[in-house]
Each structure stands twice: as structure tokens, then as C-alpha cells.
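In what follows, a structure is listed as C-alpha cells, so that the remarks can point back to it.
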Amino acid sequence: MGRDGYVPLFETKKARGRIPYRIFAVSMFVAICLIWVYRVSHVPIEGENGRWVWFGLFAAELWFGFYWVLTQALRWNRVYRSTFKDRLSQRYENELPGVDIFVCTADPAIEPPMMVINTVLSIMAYNYPQEKLSVYLSDDAGSILTFYALLEASQFAKYWIPYCKKFNVEPRSPAAYFISMSQSHYANQAKDLVDIKKLYEDMKHRIENVAKQGQIPEEVRSKHKGFSQWDSYSSRSDHDSFLQILIDGRDPNATDIDGCALPTLVYLAREKRPQHHHNFKAGAMNALIRVSSKISNGQIILNVDCDMYSNNSRAVRDALCFFMDEEKGHEVAFVQFPQNFDNITVNEVYSSSLRVLSEVEFQGLDGYGGPLYVGTGCFHRRDTLCGRKFTRDSTIEWKRENNTKREESVHELEEKLKSLASCTYEENTQWGKEMGLKYGCPVEDVITGLSIQCRGWKSVYYNPARKAFLGFAPTTLPQTLVQHKRWSEGDFQILLSKFSPALYGHGKISLGLRLGYGCYCLWAPNCLATLYYTIIPSLYLLKGTSLFPQISSPWILPFVYATFAKYTYSLAEFLWSGGTVLGWWNDQRIWLYKRTSSYLFAFIDTILKPLGFSDSAFVITAKVADQDVSQRYKKEMMEFGAFSPMLTIIATISLLNLFCFAGLMKRLLMDEGIMRLNYETMALQMLLCGVLVIINWPLYQGLFLRKDKGKMPSSVTVKSVALAASAYMGIMQPKLVLELLAVFMSILQVGYGIRFVIDREECFSHKVEYEGDTVHASFVVIKADSSWHFSQDGVDLVVKGPHGDQIHDFRDKISEKFEFVARQKGVHRFCFTNKSPYHETIDFDVHVGHYSYQDDHAKDEHFNPLLEQISKLEEALYNIQFEQHWLEAQTEHQAIVNEAMSRRAIHKAIWESAALIGASVLQVYLLHRLFERKLGISRV
Ligand SMILES: O=c1ccn([C@@H]2O[C@H](COP(=O)(O)OP(=O)(O)O[C@H]3O[C@H](CO)[C@@H](O)[C@H](O)[C@H]3O)[C@@H](O)[C@H]2O)c(=O)[nH]1
Ligand SMILES: [Mn+2]
């Protein structure tokens with residue numbers, strides 16, 4: 001109990017074990033300093049091997065040390081919050097403020113309307129006076145289907161909300177609830193359960209039917225006037241504002257089946273025009289802030305993404321305990337809940353649970369003034385979100401009467417408010433700058449939160465035992481990497497913006513909080529030190545240049561201690577946050593991949609643009625996965641999926657380490673003397689390289705061993721092998737590279753060609769996915785059926801496009817190698833005709849090269865020059881492959897001819913070696929060229 005008998009509505013406790021943690025942190029810091037001392041005092045003398053590499057390592061270690069210090073801000077001063085909701089009800093049950101909840105959706109294809117309305121229903125059913133709740137759905141796709149689904153939801157809510165209240169249901173998303181009910185069974189609600197489930201299934205059926213048809217049936221359309229708004233619709237990026245108040249909370253007739261009031265429910269698709277930038281989610285939120293201010297004007301605003309349903313119906317009350325606390329409540333601008341996910345597997349293969357972030361780091365930030373605003377699951381005071389500055393008397397009058405009389409009809413109101421959501425409304429206003437969410441940054445939320453804190457406000461992090469929101473985490477590696485690219489790019493932009501926590505934050509927010517922001521804002525630059533550490537020591541391992549202290553030297557101690565202590569602590573932290581050991585191991589892998597790909601791209605992207613903000617795209621994270629993708633996700637198999645330049649980078653680094661490791665093994669096995677020497681001076685380097693190889697195991701599987709659809713795309717395999725080999729070649733003699741390359745090439749060949757016996761006619765189809773793709777094909781007639789007869793007639797091949805149009809016609813050919821650009825996407829047919837009376841064996845190869853990455857999710861416009869180089873490289877490699885394959889087939893063909901002439905043994909051997917030598921010469925030549933090109937690439 002506080003002074004004057006004041007009983008607080010929430011409590012803040014400092015984390016236990018802070019003293020031991022701080023002792024540990026100091027010991028880590030000492031080890032880090034010793035590492036720096038070692039680097040400075042042991043610089044190789046001028047002319048000695050590895051002097052510059054040494055400086056590089058020193059720079060990387062300085063960075064790691066500095067970054068580690070920053071991360072202490074997230075751990076040094078953790079606090080934990082708890083709320084007293086019963087006190088809140090006792091004191092304020094009749095004066096609870098209006099709460100406006102904004103749900104955002106942007107694409108009915110990757111955010112299915114069923115998912116959206118489940119989220120909407122879960123929040124409409126909050127344990128909160130329904131007449132004080134208003135739910136707004138912003139649909140950035142302006143999809144009539146989403147509108148229809150919401151209309152259905154507004155009907156279903158009349159049954160669902162009373163049901164939730166009656167049985168005190170959790171969670172209140174119908175889909176999630178029915179899944180949870182199939183596991184447990186409550187006899188007393190069996191009948192109601194069956195009824196409500198039937199209603200839900202019927203609704204689902206109707207919505208899915210309409211989705212399948214792709215349009216709203218006339219009889220449905222005629223039932224609601226709202227549909228007529230779509231008459232003027234031309235495309236998702238070109239349409240009027242659509243606004244429909246589906247449930248008007250002030251209408252006394254808007255009640256559920258028990259006669260109780262329903263929450264207000266509004267659909268909004270703001271106006272979109274191609275010539276106006278819509279500013280993604282920030283633009284949607286600002287339109288909602290304005291529109292809602294004229295409908296319900298709730299004093300508290302909650303944002304929920306359409307993929308995050310409410311899992312805890314009392315979360316609104318939790319948040320209000322902070323805002324309404326008599327002593328400290330007036331300082332609080334926003335209350336952020338963690339983002340949890342319900343599709344996380346036990347060992348979270350993409351580490352997307354953000355476990356340590358939500359169980360440790362945000363508590364650390366909270367100790368220094370409050371967490372970041374990270375989007376969904378955040379409650380705001382409306383006035384602070386609209387730009388209000390903090391002053392001592394910033395208290396809100398919660399009792400405000402918000403039932404202001406409205407004269408106009410709902411329809412008139414809708415028409416009037418549409419202008420608030422128009423493209424031009426914000427011109428020459430402070431919206432997107434001082435008011436509402438800020439524009440121009442891929443993480444609109446973080447920068448908005450920072451500017452609120454800089455205006456003097458505090459924020460609160462609240463992580464209740466029953467998770468407040470559950471969402472959908474990415475289920476493939478490229479999706480994860482793309483999401484992290486957006487985040488790290490946005491955060492890095494903030495550091496370089498005028499709102500930089502480093503400069504602007506000075507004197508406005510606490511030092512601890514500034515350092516804490518620094519941890520996230522510096523995600524992107526982390527790539528440099530990490531790339532250096534994962535590439536250089538391994539390469540120099542083979543050169544025999546030692547970069548770390550010898551085993552017998554005392555200087556090894558700080559290295560061993562820092563590494564061991566850091567990883568032991570991080571494992572402990574992970575387990576303590578509810579993870580598993582394997583989950584931690586996966587987390588380390590993703591940590592590596594994020595740092596070497598997402599962060600790298602984010603870093604380059606940000607610094608290539610002129611400093612300050614620029615238009616970065618918001619690639620929406622997919623929320624649905626194919627059947628087989630989700631099967632593999634459940635089995636925790638890594639999904640590589642479509643081509644992405646990010647995959648090429650991580651694959652190249654992993655292969656480079658594999659090459660180095662293999663080279664090392666070879667040496668160790670072949671020369672014991674070197675082994676002893678190596679072991680003494682190179683132990684740490686070997687360990688580093690070895691760990692990198694082990695951690696990359698799933699990637700090697702994806703590259704070479706797996707056959708399912710989720711394996712690494714072959715184009716990535718080809719590119720990364722070439723890049724890794726050429727980098728390796730820069731260090732080692734080419735001979736070894738060739739050996740390795742030959743092995744990889746032979747692995748790659750599997751699956752490219754087919755060999756078949758043809759009698760009269762044989763046709764093959766090959767699907768070309770994109771218009772404009774290059775189709776490479778080759779065939780060789782290997783064998784005429786009878787050994788004594790050798791026909792020189794060859795076969796005919798006719799190639800036809802998807803619509804039966806003829807593309808190529810070859811007559812009487814024994815072998816051919818050709819390529820063409822597909823004019824149309826679709827199934828191409830390759831028909832062989834054999835006119836000779838004998839069976840023929842034919843080797844046939846076809847491959848489609850796709851070099852325009854336009855439609856890839858993981859695309860990145862700013863990498864075009866790089867992509868172009870890579871695709872040329874890819875082209876070159878395909879040529880090698882074809883050449884090699886063609887040569888092989890030719891060899892066989894010749895061998896058979898020779899066999900017929902009874903000189904088979906000698907000739908076959910001669911031909912084979914000639915072909916092999918030819919292929920090798922070609923490879924050396926091409927690889928040299930590739931290597932030159934690679935130098936070109938790194939200058940881009
Ligand atoms: O033009 C757009 C693009 C996105 N969205 C919505 O924004 C939300 C977040 O998009 P999503 O693709 O799911 O991104 P995530 O990376 O999962 O989102 C995280 O990161 C975002 C900032 O990058 C935050 O806004 C989110 O709250 C946070 O969950 C979704 O509801 C979208 O429908 C829009 O409304 N309009
Ligand atoms: Mn999301």
C-alpha cells in the first residue's frame with residue numbers, strides 16, 4: 001500500500017538474481033578487454049603473413065565487444081509487472097473508458113478473410129463492457145470478399161459473444177477455441193457447443209464458397225447496401241473510400257441474442273490512388289485514428305494485426321490498470337504486450353518465437369523507461385498517439401461522456417467520414433509527421449514509439465502468464481529472412497534519421513533506453529563483423545596462418561572464457577525463457593543466417609540510399625502455407641523454397657566452410673606432422689570452422705541430399721557452389737577446387753537429365769513457370785538397339801509451346817543443344833520421333849532458367865546489379881553443365897560405335913579421358929572468368 005492509503009493498480013518488481021548477473025557481466029567484460037589487449041599486443045610485424053587480416057579481426061572483435069556492452073542495457077535492470085484487475089473493477093467498473101480496436105489487413109490472398117474475422121470476433125468478445133468497445137477493420141486491399149466476411153461475422157457475433165460470456169470461454173477466436181475443444185470436453189456445454197459450432201461451420205462454408213467463386217452472388221449482394229460501394233471499384237490500388245458501420249453501438253436495436261449491447265463494428269478501406277503513396281500500415285492506422293474519432297472516439301486505442309487473435313479476454317483490463325493508476329498512470333503513453341505465436345513447433349526451426357526478446361529483453365527496456373512500440377498488441381492513449389507532449393498534468397478525464405448525441409443518420413455519417421480517409425486529406429497536415437504514426441520507415445511502430453518517449457512519456461511492457469495475443473509466425477526460411485530484413489532495415493534507418501536514439505534521444509530518454517534502442521538499431525551493421533568472422537578465419541586456416549593464440553599460451557584463456565561463458569549464459573537464458581536445447585541450437589543457426597543475409601541486405605540497402613528516409617517496400621508476411629509446406633514445417637524441416645539472393649549468400653558461406661573443413665581433414669589425414677603443428681596453433685580456428693560446418697548441416701542437406709520440394713532451389717545450389725569454389729580458389733591451388741567441383745557437379749547433375757528408349761514416338765512435357773524464361777535443352781542419341789547396325793539417321797524433335805505453336809523442329813539429328821525464350825508460360829512439349837526400325841536410347845536434358853526476379857517475395861530492387869551478375873554466373877554454370885553432360889553422352893555414343901567396331905576398350909578409355917580433360921579445361925577457364933566476375937560483384 002502506498003502513501004495516504006493509496007492502493008496501486010499495478011506493481012513493479014525488480015528481477016531477482018541481478019547481483020550474480022552483474023558479477024558475471026563484469027567478468028565477461030574483463031575477458032573482452034583482454035581479447036582486445038591480445039589483438040593490439042600481438043600484431044604481426046610488417047611483411048609477416050596475415051597482418052591486415054589481423055586488423056580486420058581486431059575490428060570485428062571491437063565491434064562484438066561494443067555490441068555486447070549494448071546488450072547489457074537489456075539485462076542489467078529488468079523489471080516485472082503485475083496488475084490488480086479486481087481493484088480496477090471495484091473502483092472504476094462504471095467509468096471504464098471507451099476502447100477503439102484497430103485491426104489491419106492488406107491482402108485477402110495471404111491474409112484469408114476467415115483468419116481476419118476470427119481475429120475480429122476474438123476482440124469483439126473481450127471481457128469488457130461491450131458498449132464501450134469499438135472494432136475497426138482497415139482493409140488495405142479494399143476487398144469485397146473481406147467485407148462480405150466481416151458482414152457475416154457481424155451476424156455470428158450475436159451468438160458468439162453471449163456464448164463466450166456464458167461459458168467464460170478462452171480463447172475467444174472461434175477457430176482456435178474449437179481446436180482447443182476437440183482436445184478437452186466439457187459436458188455441460190455440449191449442446192450449446194454443437195449449436196455454435198454448426199453456426200460457425202455454416203458461416204465458414206458460405207465465406208469459402210464465395211471466395212471460391214471469386215464474386216458475391218447477386219442474392220447476397222442485394223441484401224446489403226454496403227456492396228454497392230464496389231460499383232466504382234477498379235483495382236486494389238485505385239478505388240474510393242469504402243466505409244460501412246456494420247454494427248452501430250449507439251443503436252438500441254443492435255443487440256445480441258440475449259438483448260445485450262454489441263460492440264460497434266466498422267469496415268474501412270481508405271481511398272487508394274496510384275499517384276498517392278499510401279504509407280502501408282502507418283497510413284491505414286492514421287486513417288483509422290481520424291475516422292474512429294468521429295464515431296466512437298475511445299480514449300484508448302489498441303492495434304491488432306489480422307493474424308493475431310486475442311487469447312486472453314482480460315487483456316484490456318490489464319492495460320487499463322496501468323493507464324488508470326492514480327499515481328503513475330498519467331505518465332504512461334502505451335502498454336505493449338509481447339507478440340506470441342500459436343504455430344511455433346517445439347524446437348522452433350526458424351527461431352521465430354522471439355522468446356528471449358519477450359521474456360528477457362523487453363523487461364530490461366522496461367526498467368529504463370519502457371519497451372519499444374512494436375506494432376500489434378499495443379494499447380495507446382489516443383491523445384499521445386496524436387502528438388500530445390507530456391506535462392505534469394497529463395492526466396485524462398476518464399469519466400468523459402463519450403455518448404455525444406449524434407444528429408445525422410448512420411448513412412449520412414458514413415458519407416461524411418469518407419473524406420477523412422481520402423488520399424488528399426493529409427496533404428499539408430502534420431499527419432505522418434507530428435500526428436499519428438510516422439511515415440517513411442519500414443518499422444513505423446518503433447519510430448513512432450521512440451518519438452512518443454522523446455516527448456517525455458513512459459511506456460510499459462506487460463507479459464501476462466496467459467498470453468494476450470497469438471499470431472502466425474513465418475513458416476519458411478526466406479519469409480523469416482525477408483521479415484528480418486524489413487525490421488533490421490527499419491531500425492537502422494531510425495539510427496540514421498533525425499530521431500536517432502544516439503543524438504536526438506540525448507537528454508530526452510534515459511541512457512539505458514538509448515543503449516537498448518541501439519541494440520536493435522544496430523542489428524543491420526552486425527553483418528560486417530559476422531561475415532568477417534565466418535569467412536576469413538576458415539580460409540586462413542588452410543593457408544596455415546594462425547589468427548588466434550596457441551593452445552599453450554595463456555592468452556587463449558580470455559577467448560575460451562568469453563566464448564564459453566557467453567554461450568552457456570545464452571543457453572541458460574533460452575531454457576529459462578521456456579525453450580529447448582535443440583531450439584537454442586536452431587536459434588544460433590538462424591542468428592547466423594539473419595546476420596549474414598537479412599542484415600547485410602538491410603545494411604547495404606540503407607546506406608546506398610541517401611541518408612534519411614526513403615520509400616522502402618513493406619513486404620507483407622505470408623500467413624498461409626501450402627499443405628506440404630506446413631507438413632514439413634511441423635516436422636521441423638527447413639524450408640528453402642523459392643529463389644532468394646539471401647539464400648545464395650548463406651549457402652555460399654556454408655559451402656566455403658565446408659570446403660575449408662574438407663581441405664583441412666584431407667591434410668590432417670595425409671600428413672601427421674602438419675597435424676601436430678596445426679593443432680597447437682590452429683585449435684580455435686579449427687573449432688570455429690568445425691562448429692560452422694556442424695551448424696550448417698540442415699543447409700547441406702537442403703543443398704545436396706533432399707529431394708522434396710522444400711530443398712534448396714537448384715539455381716541457388718549452382719550459384720553458391722560456384723561462388724564458394726571461386727573464393728576458395730583465391731586462397732588454395734585450383735587443383736583441389738577442381739576435385740571438389742567435380743564431386744559437386746556430379747551431385748548436381750542428378751535430376752537434370754533423363755535417359756529413355758524410344759520406339760516410334762515419345763513426348764515429354766516441361767512446365768515453364770514464367771513468361772520470358774530461358775529454356776535450355778539438349779539431347780544425344782546414344783545407342784541404336786542392335787550392336788551390329790549403327791544408324792546415322794538420328795531422330796526428329798519437335799518443340800511446341802503451351803498453345804500448340806511450334807517453336808523448334810529438328811530433323812534427323814544425332815545430337816543437338818539449343819535454347820529459346822518462352823513466349824508464354826505453361827506446359828511445353830518435346831516430341832521425339834524415331835524413323836529407324838530400331839530402338840534408340842536418347843539422353844535428354846531440359847532446364848528452365850528464370851532470371852527476372854520480379855515476382856519473388858524475397859526480391860530486392862536495389863540488388864539488381866548484383867542479381868544480374870549472379871544470373872550471368874548462373875548462365876555460365878548451366879553452360880558448363882550442359883557441356884559436360886553433352887560430352888558425356890557423346891562419349892558414350894562414340895564408345896558404342898567403337899564397340900561395334902570391336903575396339904571398345906581402348907577407344908572408350910581414350911574418349912572418356914579426352915572428354916574429362918575437355919570438361920576440366922573448360923571448367924578451369926570458366927571458373928577463372930567467374931572469379932574475375934566475382935571481384936566485379938564485390939565492388940557493386
Ligand atoms: O500496406 C500495408 C501493409 C501491411 N498492413 C498490415 O500490417 C500488419 C503487419 O504486417 P505483417 O506482414 O504481418 O508484418 P509482420 O512482420 O508480421 O509485423 C510486425 O512488424 C510490423 C512492422 O514492420 C508491425 O507493424 C507489426 O505489428 C508486427 O507484428 C498486417 O496486419 C498487415 O495487414 C497494412 O495494413 N497495410
Ligand atoms: Mn504479422
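Yeah, the Cβs are placed from backbone N, Cα and C, and that goes for glycine too.
Annotated features, as they stand in TrEMBL:
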type     : residues       : note
TRANSMEM : 21-40          : transmembrane segment
TRANSMEM : 52-70          : transmembrane segment
BINDING  : Glu111, Asp140 : UDP-alpha-D-glucose binding site
ACT_SITE : Asp140         : active site
BINDING  : Lys281, Asp305 : Mn(2+) binding site
ACT_SITE : Asp445         : active site
TRANSMEM : 515-535        : transmembrane segment
TRANSMEM : 555-585        : transmembrane segment
TRANSMEM : 640-664        : transmembrane segment
TRANSMEM : 684-700        : transmembrane segment
TRANSMEM : 737-758        : transmembrane segment
DOMAIN   : 761-848        : domain 'GOLD'
TRANSMEM : 909-928        : transmembrane segment
Alpha-carbon spacing, Asp140 (UDP-alpha-D-glucose binding site) to Lys281 (Mn(2+) binding site), which is rounded to whole Å: 8
Inter-residue Cα distance where the pair is Glu111 (UDP-alpha-D-glucose binding site) and Asp445 (active site), in Å: 20
Close approaches to the transmembrane segment (515-535) from elsewhere in its chain (Cβ under 8 angstroms; 6 or more beyond its ends): 56-57, 59-61, 63-64, 67, 69-74, 361, 364-365, 368, 372, 446, 450, 484, 487-489, 491-492, 494-495, 500-502, 505, 592, 595-596, 599-600, 602-603, 606, 653, 656-657, 688, 692, 727
All-chain count of other Cβ atoms within 10 Å of Lys281 (Mn(2+) binding site): 24
Asp305 (Mn(2+) binding site): tally of other CB atoms within 10 A of its CB: 24
Close-lying recorded positions around ligand 2 among Glu111, Asp140, Asp305, Asp445, where CB distance stays under 6 Å: Asp305
Neighbourhood of Glu111 (UDP-alpha-D-glucose binding site) by C-beta distance under 8 A, where only residues 6 or more apart in the same chain count: Thr105, Cys306, Asp307, Ile620, Lys623
For Glu111 (UDP-alpha-D-glucose binding site), the three-state class that DSSP assigns: coil
Coarse DSSP state, helix versus strand versus coil, of Asp140 (UDP-alpha-D-glucose binding site): coil
Helix, strand and coil counts within the domain 'GOLD' (761-848) (DSSP): 0 helix, 58 strand, 30 coil
